[in-house]
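Working notes, structure below.
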Amino acid sequence: MNGEAMVGGGGREAAWASAPGGTAPRGPARGGMWSAIRPYGVRLVAAGVAGVAAELCGLGLVAAAAWLIARAAQQPTMAALSLAIVAVRGFAVGKGALRYLERLAGHDVALRALAELRGRVFDALSRTPAGRSAALREGDALTRMVADVDAVQDVLLRCLLPAVAAVVCGGAGLVVCAVAVPGAGPVLGGGLVAVVVLAVAGAVAGGRAAGRVAAERRVLAVRTLDVLEGAEDLVVFGARERFAAAAGESARRLERAERAVAALTAVVSGAGFLVQGLTAVAVAWVAVGAGADEVAVAVAALTALVAVEAVLPLASAAQRLREVLPAWRRVGAVLATPPPRRPRCPRPLPPGPLSVELLGVRVAYPAPSGSGAGGEVVALDGLDLSVERGRRVAIVGASGAGKSTVLAVASGEVELAGGSVLLGGRESSVHDPDEVRLAVRGLTQDAHVFAGTVRANLLLARPGATEGELVTAARRARLLEVVEALPQGWETVVGAGGHGLSGGQRQRLLLARALLADPPVLLLDEPAEALDPVTADEITRELLTMPGGGTLLLVTHRLAALGHADEVVVMERGRVAQRGRHEALLAVAGPYRDLWEAELLAA
Ligand SMILES: Nc1ncnc2c1ncn2[C@@H]1O[C@H](COP(=O)(O)OP(=O)(O)OP(=O)(O)O)[C@@H](O)[C@H]1O
């Protein structure tokens, strides 16, 4: 989690004044995918109408042309043909123009809806609770963001619009055919039903293959990301070939699954053309048998040909729908992430440092997928912890004891499975979540260095900071000596993720940024982790003794400087095992003394 909360859903928020319970969810309206498309409903209907009209023009063109050719063979006067000639020209021009309009309006809607949807998915991913975000932000999330969201375009352009046009045009063809030769109507009806059955059968048969394609794509995305992001580690550990081979195997499995889908598509299309030809022949045969004249026979047969052709896209639409439905559902699931709840009348936080109280807090993360553990990992198990305003408290404990989760709970970044959090004496839920996020923040383990100058990275925390404040924060974080040694000082440009800085320099920059923010509750998660022990202890001492500042919750593995902390909290398996002053804790046998002795031994 990034304590700086760079990403938020503010731009797309909707007021949910009618939500019950005094609080209202914040963010985009629920309703998932359709709510992103609904604003463009008029354009979508226009695209549908244009598509239907284009198909009808095509039908009219063939029917009028058939009539014209057959009638011309009877050598009537020119006047008897003039209307049909105009109609043929009109239908031909109309078909082209309307098809163009349909494509224009359809793609316009699809692209607008995609842009809207991408923003919403991005918002939803950014507010996904910590437990779930770990899985979502991997390669799988990348697939969802890109391929799954793109699939929505296909639902509109390749499923919905062709299906509407097919149904209307098939029905119109049936009417024209039945008017030309009444007995031919049921024959054409039979052909149309056969195509619909073929479409459904193709979609059902292709469902499993489409599911395999989607699953293989996901696996390939995750493996590709592993190979790209972990390239250096893979080379160091000599595992590059193995990982590349696994990614290659994934790509081959995807290819096989896609071939299966393509083969089925070819079979369904071939069968569709066969039905089309047979239907036209059968209609002509029935028309001749019914004693219709050659004009009616030509009109009925060619209309049947076009009507079935118009319905043929149903097969590919149904198959594509089967393929994109899982993507549609996955994006829907991401969008269904409940937005943080915001009180109807948020209470302002009191000024100055705030007290923090965690009462019976329980936090459970879903067990990592693929771990085989199933269920959940309990990170905090009924934790009670109160920190008075302005106090500087160190939180220590073995790895996995729940220290970082305590910080995430205090800043409201993680969902509680039980208990409550009080800030400044009031339930934190009565405050605006954005205000809480600004008031309770600092340095998290996965804080990010942005591409830009060192100065810009620091000012991100407090754009209005003076040069003096900048220098003080940098000095406290031992960043000043780093800045002075850089070629362009504060204006030195660093790459995304701190590229161009050493691990320790990056850590100092992130700490300086957190100190510059100077919030009412400062959270620092292992701020000196990447530094040598002497500097780490110096910085810890500085953080615990610096004048001013807010309430401090400092997670650390270094105990040497904790004599300066107002209190040390020792955590074990999601609970507070011990708490008190450093000296008092050392005086009794217990986990703190064990940690201390382990540190001495390591030193
Ligand atoms: N996103 C997550 N998904 C699943 N489990 C998680 C997640 N984050 C933390 N956990 C689990 O919750 C427990 C507490 O994690 P936490 O990060 O709070 O421990 P910690 O004391 O800060 O550890 P460390 O000192 O190693 O940073 C651990 O068992 C961890 O595996």
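Every residue, even glycine, has its Cβ placed from backbone N, Cα and C.
What TrEMBL says about a protein is an automatic prediction, not a curated fact.
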Region 'Disordered' per TrEMBL sits at which of 1-28, 365-392, 421-448?
1-28
Do any residues of this chain, six or more beyond the ends of the transmembrane segment (260-289), have a C-beta under 8 angstroms from a C-beta of it, and if so which?
177, 180-181, 183-184, 187-188, 190-192, 194-195, 198-199, 201-202, 205-206, 209-210, 212-213, 296-297, 300-302, 304-305, 308-309, 312, 315-316, 319, 323
With a Cβ cut-off under 8 Å, give me the same-chain residues at least six positions beyond the ends of the transmembrane segment (44-70) that come close to it.
37, 81, 84-85, 87-88, 91-92, 94-95, 98-99, 101-102, 105-106, 108-109, 156, 160-162, 164-166, 168-169, 172-173, 176, 180, 294-295, 297-299, 301-303, 305-307, 310
